[in-house]
Each structure stands twice: as C-alpha cells, then as structure tokens.
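Novice: Sharing a structure, written as structure tokens. Questions coming.
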Amino acid sequence: MGDFNLALVIVAIVVCILVFLFNIYLLINYQHPDDANQAYFPKFVVVLGLSIAAISILMLPADVANRQACRHAIYNGACNLTLPMKDLWLAIYIADAVLVFFIIPFAMFYYEGDQDKTIGKRIKSAMCWVVTTAIVCALLLGILYGLAGKADFTVRHLSSANTPFPNSFNFNSGQQCINGARQCSAYSANASSETTWTMRATFPEYVVALATIVGSVLFTIFGGVGIACLPLGLIFSFIRRPKAVITRSQYIKEATELGKKAKELKKAADALHQEERSGSKGRKWRKNVKAVEKEVLLLEEDVKALEEMYPQGEKAETAWAMTVLGYLAKLILGVLGLIVSVAWVAHIVIYLLIDPPLSSFLNEVFIKLDDVWGLLGTAAFAFFCFYLLLAVIAGAMMLGLKLVFITIHPMKWGATLMNSFLFNVGLILLCSISVIQFCATAFAYYAQATAAQEIFGHNLQSLRGIKYLYKYNVFQIGFIVLAGLTFVYYAAFGWRRKKPSGRFQLSS
C-alpha cells in the first residue's frame, strides 16, 4: 500500500509538471504576433488558469486511484496515509473561484484598456471594475445566503425498546431486529416516520454551490450544443472540403472580392474606433462591434479556404497533399468523437434519467479496463471528462457565431489575442467544477467513496431552492435536449456550403 501511495505521488507531480509545460507550449503557439514579448501578466494568468482547469479534471481519476490505495489494507488507519484529497479539492476550488471572479476579469480589463493611457491608469481602471463587480457579487451572495442558505435533509425517525440480551440471535427477513415488535429498518418504515431536518450551510459551501449552479447552466447550454457540434463539425468539414485545386483566374477573381471585403471591414472598424474615442459606446455600437468581429472571422475563414484551394510556392503539391490529409484526419477524429458523444448521451439516459438505472454502462467499462491494467480505466475516465470540456469550448464557439449576445472569442493557431485566451480560460474554469460534479454523478458507481463524492453529495443537492434542479434532473434533461436539437440542425444544414455574404454595412 505504501508503494502504491509513493507511486501515486510521483505520478501526480510528473503530471502537474507536464500539464504546466504543455500549457506554455499552447500559449506560445496560439498567441497572436501582436502579443509577442508583451502582456506577460495575462499570459501568466492563462497558463495558471489552464493548468488549474486541467489538474482539477485529472484530480477526479486521481481521487479514484487514491481510494484504491487503502482498499486492501489490513489496518483501519491505512486511509489516513493516502493523499489528502478533500483538502486538495478545496484548494483547487478556492484557486478556481479567485481566478474566475477576480484575477481573470482584472487581466481582461487591463489588457483591453486604452493603449494610449499609462500603465498606472490602466491598472486603476481595471481595479475599479473588479472592485465594483466584487461588491455587487458579495451583496448578492450575502442576501441569498441569509434568505436561502439552508439545507433540508429528509430523514426517518426510528425507535426501539430495550430487551434482555438473548442467548442466540435468530435474524431473518421478517425479524431484522432483536426486538421484532419495533421498527428498525429505514427502508420498510412507514411514511409517517419521515421528517425534514434543516441546518444552516456554511458560507464557503454555499458559494461553491452557487458557482456550481452558474457553471452548470453554462455547461448545459454550451456542453449540450458542443457534444453534438464537436464531432459533426469535423465530419461536415470533411464533406464541404475543396475537391480540387482551382485555376489561377478563379483565384484572382476570389482574391479580388476578398480584398474589397477587407477594405469595407477596415473602414467600418475605423468608424467604430472613432465612435469609441468620442465616448458614444451605446447598444448600437456594441451590436456593430459584434457584427464586425463576426465578419472578420468569416473573412479569415474564406482566406484560409482560398489558400487551401490554390496552394502556391515551390511546395504547392506538398501543401495540397497535407490539406487532403488534414481533412481525412478531421473525418477520423469526427467519427471517433461521434462515438464518444453517443456513448455520453446513452450513458446519461440509461444511468441518470431512468430510475432505477437500466445499467451502470460506462461505470462497468471503466472497472473492466482497470482489471486489464491498473490505470487503463482511470485514463479512459479522465478522457471522457476532458471530452466534456472540449464540447463546452466547441459549443461556445458555435453559439458565438449564431447569437448576437454572445461574444466571439476564437482560438486560432498563431492568431489568438490575450482577451480571447482569458475569456476561454475563464469559461473552462467556470465549467470545470460543473464538469467534475457532472462526472461524479454520472460515474457515481465507479467514483464511489471518494472525496469528490463527499463534497458533491447530499450537502450540495439538499440546499434550499437548488435541490429541485438536481431532484428533477434539470441539467441532464437540458443537456440531452440541446444535444438532440443540435444534431437535427447539423443534419438539416451542416452539409451546406456557406453562401458568401453581400456588402457589409454598419447598422444605423
């Protein structure tokens, strides 16, 4: 048992280091050239946030492995020598909340501040926004905690009389107690024995619960859409791929049209920048900014598609071959992702929505994989959790292009600005707690007796007002409904090519 604990500690340290290095690699390769050799504080926040999000997801399978460390111990105190997972979970939650509600907003306000101002003024402006937001959030939390910060537990009142100590114990299904005349089984107790036990929840528990609810709403919307659009987007991207290289005359014609569109967008962006300087940043201005951002994103996609259809240079044939292989890779990843998405949806329906569950499904799969090799089931468990986070990002990107009130923050290789990085990191951190809670519920049989189960157990699901969301499976049902609607949308419109938009004009 001691050797297992030592191995788990070593694996945990190595994984944390690898996660940190991998996130630095992502930052370097995804950052925009304009952010090179500057914006060091937002970059540090991005790496830290991504690392905490990844580690928080990996902690759930680590919690399962930690539970197994003392499973076969021969003395009672063996589990006290394992990793202090509950303390580690609380530390992760605190770091997550501080990043989401304080540090990331400050970094975004600072980065998006007027570049003509001095560093001191930008810091002061960012601090004002963060402090104002913190005061409003604190007031709302205090009011909600004072009014509804209680947990209601349904319990059964049982009683039994004294009886002389017998010479022999004869228990059966009809007599489960020493004194069979009294009720001693909570399962067979009558309804009149039920009562509600109310207690005040601690403030940190209530804050974690509300943060989980906010994250669960975002996770249900973005994750439900993303679980379908992530694999289907890859598959339909292969279907809409360029079938052959175009001629030079076609390339010149398309490039000319894109150049005209770029000039229109440049003119519109300059007009919006002038309005911003004059202080007229109203609802119409924000709507126009959203429209320009969307058109720029679509223009970049058109330019990329044109470059794929007409590769240039000495290695044009190699570039075309790599394009073909890239679309084949998208098809393979899309098919594999579709299998994982279908498995997730089927598991939610079979294990969570049907009462009693028809089968433990993926729980049994992970257990059997663990029997094959100690960490194989744990690795598969971690993969399914990470897949949900990828679905959240994919859903946010899709809805950002379709809905006006959602800001677009695309992640592009070598062209991602820090504000987009920070937004997506904040979204990942906010949804990561909900992903953990969702996975702990969906894989309750596999992750039983873990610290995560204790934290996301009856305390969270018994809070007044919040418990009904879990009692009636609101988040799971919303997740399935949105996944189904997205699948229908892609089946109806996903195979179509995007029509070129007309002349772009700002709304007056």
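Don't overthink the numbers, they just go from 1 along the chain as shown.
Placed from the backbone N, Cα and C atoms, the Cβ positions cover glycine too.
All annotation found in TrEMBL is predicted automatically rather than curated by experts.
Below, the features straight out of TrEMBL:
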| type | residues | note |
| --- | --- | --- |
| COILED | 248-309 | coiled coil |
| TRANSMEM | 6-28 | transmembrane segment |
| TRANSMEM | 40-60 | transmembrane segment |
| TRANSMEM | 90-111 | transmembrane segment |
| TRANSMEM | 123-148 | transmembrane segment |
| TRANSMEM | 206-239 | transmembrane segment |
| TRANSMEM | 331-354 | transmembrane segment |
| TRANSMEM | 374-401 | transmembrane segment |
| TRANSMEM | 421-446 | transmembrane segment |
| TRANSMEM | 474-493 | transmembrane segment |
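Could you give the neighbours, burial and distances for every feature on this list?
Specialist: Using a Cβ-Cβ cut-off under 8 Å and counting only residues 6 or more beyond its ends in the same chain, the transmembrane segment (6-28) has close neighbours at 43, 46-47, 50-51, 54-55, 58, 62, 65-66, 69, 82-83, 421.
For the transmembrane segment (421-446), the list of distant contacts is 27, 30-31, 42, 45-46, 49-50, 52-53, 56-57, 59-60, 64, 93, 96, 99-100, 104-105, 107-108, 111, 208, 211-212, 214-216, 218-219, 222-223, 347-348, 351-352, 360, 362-364, 366-367, 377, 381, 384-385, 388-389, 392-393, 396, 407, 409, 411, 452-453, 456, 460, 475: same-chain residues at least six beyond its ends, Cβ to Cβ under 8 Å.
Tertiary proximity for the transmembrane segment (474-493) is limited to same-chain residues at least six positions away from its ends with a CB under 8 Å from its CB atoms, namely 216-217, 219-221, 223-225, 227-229, 232-233, 236, 341, 345, 348-349, 352-353, 398, 438, 468.
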Novice: Can you tell me which of 40-60, 90-111, 123-148, 331-354, 374-401 gets the most C-beta pairs within less than 8 Å of the transmembrane segment (206-239)?
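Specialist: It is 374-401, which has the most Cβ pairs under 8 Å.
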Novice: Quick one: do the transmembrane segment (40-60) and the transmembrane segment (374-401) reach 3+ CB pairs under 8 Å, ignoring pairs fewer than 6 apart in sequence?
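Specialist: Contact between the transmembrane segment (40-60) and the transmembrane segment (374-401): present.
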Novice: Six or more residues beyond either end and a Cβ under 8 Å away: which residues meet both conditions relative to the transmembrane segment (331-354)?
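Specialist: Beyond its ends, the transmembrane segment (331-354) has Cβ neighbours at 227-228, 230-235, 237-238, 360-363, 384, 387-388, 391, 441-442, 473, 476-477, 479-480, 483.
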Novice: State the residues, same chain only, that lie 6 or more residues beyond the ends of the transmembrane segment (90-111) and have a CB under 8 A from a CB inside it; answer 'none' if no residue qualifies.
Specialist: 39, 41-42, 45, 48-49, 52-53, 55-56, 59, 122-123, 125-127, 129-130, 133-134, 137, 207-208, 211, 418-419, 422-423, 425-426, 429-430, 432-433
Novice: So if I exclude everything within five residues of the ends of the transmembrane segment (123-148), which remaining residues of that chain have a CB under 8 angstroms from its CBs? That is, six or more out.
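Specialist: Contacts with the transmembrane segment (123-148): 101-102, 105-107, 109-110, 113, 117, 203, 206-207, 210, 463-465.
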